[in-house]
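The next block holds one structure in the form of structure tokens; read it before the comments.
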Amino acid sequence: MGSADECRARRGAGSGWAQTRDGRGADEYSALAKVPGFGYADGHSSRTAGREFAGEVRMGEGRVILAYKHTSVLLNEAVDYWFTDPDGVYVDATLGGAGHSALLLSRLSPRGKLFGLDQDPAAIRRGGECLAQETRVTLLRTNFAALEDKLREAGALPVNGILFDLGVSSPQLDEGERGFSYMRDAQLDMRMDPGRELTARDIVNSWSADEICRVIRRFGEEKWAKRIAEFIAQARETHPLTTTGELVDVIKAAIPASARREGPHPAKRTFQALRIAVNDELGVLERALDQALRCLVPGGHLVVITFHSLEDRLVKEKMRSWLGKCTCPPDLPVCVCGAAASARLLNRKPVLPSATEIENNPRSRSAKLRAAEKISESLNDTNS
Ligand SMILES: C[S@@+](CC[C@H](N)C(=O)[O-])C[C@H]1O[C@@H](n2cnc3c(N)ncnc32)[C@H](O)[C@@H]1O
């Protein structure tokens with residue numbers, strides 16, 4: 001059976017892929033319905049755009065089957081910044097459900113190319129099945145911390161645009177067994193790449209209460225971090241915490257009832273913090289951004305969508321560092337730091353999702369998009 005057939009067969013067989021109301025497509029429909037050149041196989045209206053979709057979309061002569069239930073955030077905005085040249089080479093550093101990639105592909109000529117990266121084998125497997133007929137696409141299972149080496153090995157460099165759409169995808173959250181969700185009882189795992197050693201279970205059972213407190217405070221911005229860490233340390237004295245459900249109970253016990261009554265789920269911040277620590281999300285992002293700039297052609301665009309303030313601050317500061325602002329002490333008569341601009345910002349303020357997008361996809365609420373353009377390397381040379 002061909003990969004497209006497999007995608008369709010899986011949908012029909014109800015194997016956990018999103019099912020349609022009519023048994024053929026999705027119960028919810030995708031923003032991709034809006035994509036020019038795309039159409040549902042059964043001609044569904046694009047007025048349902050903005051909701052999730054798992055189904056078939058046509059693309060030029062080829063066909064892309066999207067059977068991955070993830071609603072792309074800031075879809076058109078991101079692709080508008082990412083795309084510069086129909087014949088160009090592009091990198092989706094966080095393929096996920098390939099929603100952004102699919103829209104980009106609809107704008108590329110037959111000469112254009114797309115490299116899709118993801119550290120999660122499930123995302124690459126589904127991407128492989130669903131984009132297999134797309135000869136313009138190459139999928140690479142890798143952490144984007146190795147972006148430059150992987151693209152060089154693949155003969156992709158230099159490229160015209162790179163997109164990072166950070167964080168987890170809906171299937172990672174929804175597939176209970178991954179352990180990302182406080183809503184589903186599962187093993188405490190939270191690895192996007194199951195080949196990584198460190199799991200959330202390791203952190204809660206073997207790190208000191210002080211280390212756990214630091215993680216929850218820093219990455220979760222949780223004001224009850226100290227109490228939660230103490231309650232975890234106490235609970236694990238009886239037996240190791242092995243499931244998300246056990247951890248949620250401990251967190252609920254640690255946060256006073258009055259504080260639990262308002263705001264998000266009491267475990268939300270702690271789960272986010274553990275996920276960030278398990279996957280070293282800030283560390284790999286820090287390593288990847290300079291690499292991404294080096295991988296671009298002059299005039300090429302880097303687009304980053306973040307979902308929490310620490311990530312956004314990191315991206316903002318990194319992009320600012322590329323502007324070549326002089327760092328010499330103000331009392332020096334001439335510049336000696338040799339600062340030279342390597343990029344310019346494409347948006348001074350981050351792009352945020354509209355009220356409609358947030359209403360249709362509450363997971364987009366905290367998204368911020370920043371974009372930068374690499375400027376001419378000859379300009380760099382001249383300035384330095
Ligand atoms: C928010 S989803 C991307 C969704 C995608 N843009 C779409 O429209 O369907 C993020 C994806 O990035 C992947 N990811 C996160 N951090 C990564 C990293 N350091 N290296 C490679 N992939 C990563 C996750 O596994 C996940 O599949």
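Each Cβ is built from the backbone N, Cα and C atoms, and glycine gets one as well.
From a predicted model like this one, the values you see are computed outputs, not experimental measurements.
So that you can see what the record holds, here are the features copied from TrEMBL:
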REGION    1-22  region 'Disordered'
BINDING   ALA98, GLY99, HIS100, ASP118, PHE144, ASP165, GLN172  S-adenosyl-L-methionine binding site
REGION    356-384  region 'Disordered'
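Annotated features taken from TrEMBL, shown on the structure.
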residue: ALA98; record: S-adenosyl-L-methionine binding site; Cβ within 10 Å: 28
residue: GLY99; record: S-adenosyl-L-methionine binding site; Cβ within 10 Å: 27
residue: HIS100; record: S-adenosyl-L-methionine binding site; Cβ within 10 Å: 26
residue: ASP118; record: S-adenosyl-L-methionine binding site; Cβ within 10 Å: 27
residue: PHE144; record: S-adenosyl-L-methionine binding site; Cβ within 10 Å: 24
residue: ASP165; record: S-adenosyl-L-methionine binding site; Cβ within 10 Å: 27
residue: GLN172; record: S-adenosyl-L-methionine binding site; Cβ within 10 Å: 21
Three-class DSSP secondary structure - ALA98 (S-adenosyl-L-methionine binding site): coil
In three-state DSSP terms, the structure that ASP118 (S-adenosyl-L-methionine binding site) belongs to: strand
Structural state of ASP165 (S-adenosyl-L-methionine binding site), classified by DSSP into three states: strand
